[in-house]
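Q: Handing you a structure now.
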Amino acid sequence: MAALQSPKTSSRRSKGDGDGDTRDVILGKYTKIEEIGRGSFATVYQGIHNKYRSCVAIKAVNISSLNPKLKDNLKLEIEILKGLQHPHIVALIDCDESTSCIHLVMEYCALGDLSLFIRKRDTLSKHELTRDMIAKYPNPPAGGLNEVIVRHFLKQLASALQFLRTKDLIHRDLKPQNLLLNPPPSTYAKGLLRIVPYKTREDSFTPLVGVESLPMLKIADFGFARSLPATSLAETLCGSPLYMAPEILRYEKYDAKADLWSVGTVLFEMVVGKSPFRAGNHVDLLRKIEQGEDNIRFPIQTEASPPLKKLIRSLLKRNPVERLSFKDFFESSVVKGNIPGLVDEDLQAQRERDSRLAAHAARRDSLPSRTSDGKLEDRPPSSASSPRPPPSNFTRPATSPAVRHVGSRENPDLQRVAVKARKASVASVTGSPSKEELRDHNAKGPVTEQPGPTSPAKERATTRKNSSDQRIDDILDSERERAAQDVAFERDYVVVEKRAVEVNAFADELAASPRFQQQQQQQLIPKQAGAIVRRATTTATPQLSSSPRDAMSRAVATAYNRPRTGSTHNRHNSYDRRYGPSPTSATSAISKALNKASGRLFGVSFSPPLALTKAGRSPPIGYNAFPAYPLAEGNLAVVGDGAKIQPPLDEDTKVLHIIEEIATRSDVVYGFAEVKYKQLAPLTPSMQADTAIKPVVSPEVVDTPEANDTGLTVDAIFTLSEEALVLYVKALSLLAKSMDIAGAWWARKNRGETIGNSPNVNVGCRVNNVVQWVRNRFNEVLQKAEYSRLKLLDAQRQLPYDHAHHASQVGRVSVGALAHSSDQVVISSGITAEKLMYDRALEMSRTAAINELTGEDLPGCEIAYMTAIRMLEAVLDSDEDHQLSGERAGEAANTVSNEENGEVNGLQGEDREIVAKLVASIRIRLTALKKKIALMTKRTSAPAMVSPARTPACQPPAASPVVPQASSR
């Protein structure tokens, strides 16, 4: 809130000026002095223009997580924003790029933001820059700001929004923190600031509307969220949802009217002193908005006029259709009319300014002006609140070739959600006559034109007219193409973004539930191993969070080479059950089974064998495949022998078991994908010695020759990448399905429906634990899927043009939503997750059967059988079952489709029958193996271990399992 810090000291600070490490940094024409703010993606510093000795704000945007294409798109957007010159919008002055940051030089606003202004309302009378304002317009004893100040800020905010509407732009993140304040122009004349802000124009700090003696409002942070990764909808949801429109909170498509809701919330906070709806997360916020039913109540002590309250209520309508339109908002008496309650001094100044503006408008109306095509026209008079025209060098986003990269195939941002409202009509964009008007004009022209010889001047005029028509046609075609691209772009990417946000939002809601928190606290008393902590950063390195913003922003080019040995105990200490005699033996055995089967798929090696590699092993050291998700007691009934009669379960417990079953299947698929992934991003020799190291592959290192020198050929990298990608996508679908079932269960709980009389009070807590695990795993898989996609694209570019797997060749299919990214992702024909999983399960069951016959590693055989069953259950799992809930979803995953010839997830009816028979045969083998192990354990005096050499003597060998052959799909 303090005005300026540097004027009290020197404009340049020496190295030994008390701040130790704090030093001035010269950035071209500017000097960065000290930090004045910090956000999610950037740090704001106060700076000085070296030549003019005026203040600027330098915003350092961290670009370490951006690949080169995203950097180029950001630069293009910045160049466009330089043309948005308006007194009530913080101007982008300059841009300077370093190796790790892009420094955005912007106008400096000395009074901070509006949220700080409201919070410090009681101390404004003591500040030298606001003392006179409070003396004239004191704030009410209770509530927010004086209504004169509120209306003054509203007029300036409306002026900026009206300017943005002429450009078909929406801000999408209006909130008090993004509304910056500058002292009135009289402050500089009085010399209260020794260093004045840098001006991009003479009228940069001259208000268009409002009272000249009051602070000047400017909209900040406009447009940058559209270009930065993992922003837009996702960042806003995670950042400050208090000012978001309900249609955004409902994940619906929204238009420019979302800004009007934000204006209503900001206006309410200025009047009352707090936001109209307050909640801990956006789920509770939406619930409060819906429960309010558009009944906006003001505290009794609020000093606000009825017109102002009416305007706020008309803006805070849940339904965008019922919400006040922009036209009515700009024409409302509160925005357009005079401000009541002005003191005589300001009232006289207001009248003088209105007279000057009226005289200026009259002179301007008397002069003709030229349109963009060279014709003369008369401009209508503009009101005092109308925005000033942009400078002649302003680059229109709608017609700039650079902007056409947004939403096109050249834009590589996978996670962006296109939410900017654009119009295909070019009339409002360019100010030129529309195509229909030109046709009418051309049709009427020959009627009034007298025949005669064509003069050179007339020929030039005709040429200009034809060129203008051609230019209009080109602009219209460009706009249509761009609109189509944006529609396709939003349709393709909003699914991934929305799903990631929904998963994290539901996990947040469940973790914040008081009933679950109380149960978890009760569990911590008798047991040291408590529940999973909300937002536990188990999916990546400790410095990264698992929020949707971080997960999506780093998914573009970040992957994590981390062993999971050390993380197994920390992640799953909520569960008691683990397969095998110890956690390490189970994971070791199943890892061995996965590794042995990795080179024998389909008769050829889809996972590259050692012959394809220059060095290294497959898979690398440090991989623990299973079980990363241990089940609770009693959940082995699905894979058991069926002879053990289970007690009847209540509905809550059934839902819990179904959720855990699907989550376990997803973990098996994840473990299979990890075998591929670990070969794409192997551990370095120094990291293999210490399995606790979790290296992070930065986006800039991914494309370097050193990072790609993994000992794999290009063909091997291509095969591994596409196999890992389809497996990760399958794991994501299973994780989403388990979350959908949990969400349906939770919704019925909140509606008060009696689902079941569960004798186990910990069922809800266990569901919460599963949901938190699924959330963390979902974010991790999303990151690794994006890394696999980038590796696949890189391998495609390195393949020869005539190679069968080159992107230009035919016979390829896409991989769902991921394939519609700007860098087209294509998967080789015949490569599906279901086929990979089927062959892997088949290979594992065969290997386990051989080991069982020879008496080798019987506990490992048991785990291999169970893993194969889980993987085949995942093959039978249908994406169409996602809408099912409760027991129906679990049954759908374990039964064959009734449609004999119908195709589900690429599997024909006969193929599903083969898979079901294979599951049944493996279950029989598992039952026999369990009986054998139980008998051996009973006969031995040492229950810990039985020598493999004595195994055949203790139990006669079982018959070889009947394993059906894979069908040609």
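Cβ coordinates are placed from backbone N, Cα and C, and glycine is handled just like the others.
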Q: Examine the ranges 158-186, 303-331, 506-534, 941-969 and name the one recorded by Swiss-Prot as region 'Disordered'.
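A: Here Swiss-Prot associates region 'Disordered' with the stretch 941-969.
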Q: Check D173 (active site, proton acceptor) against DSSP and tell me helix, strand or coil, would you?
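A: The residue in question, D173 (active site, proton acceptor), is coil (DSSP, three-state).
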Q: Among all the protein chains here, how many other CB atoms are within 10 A of the CB of V44 (ATP binding site)?
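A: So the number of other Cβ atoms within 10 Å of V44 (ATP binding site) is 18.
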Q: Any idea what the Cα distance is from I36 (ATP binding site) over to D173 (active site, proton acceptor), rounded to a whole Å?
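A: So the alpha carbons of I36 (ATP binding site) and D173 (active site, proton acceptor) sit roughly 21 Å from each other.
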Q: Using the alpha carbons only, what distance in Å do you get between V44 (ATP binding site) and D173 (active site, proton acceptor) once rounded?
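A: With distance taken Cα to Cα, D173 (active site, proton acceptor) is 18 Å from V44 (ATP binding site).
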Q: List nothing but the one residue from I36, A42 whose Cβ has the fewest other Cβ atoms within 10 Å; the candidates are the binding-site residues.
A: I36
Q: Got a sec? Which of these recorded positions, R38, D173, has the most Cβ atoms within 10 Å?
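A: Max Cβ neighbours within 10 Å, all protein chains included: D173.
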Q: Measure from the CA atom of D173 (active site, proton acceptor) to the CA atom of R38 (ATP binding site) and give the result in Å, rounded to a whole number.
A: 17
Q: How many Å lie between the Cα of A42 (ATP binding site) and the Cα of D173 (active site, proton acceptor)?
A: 16
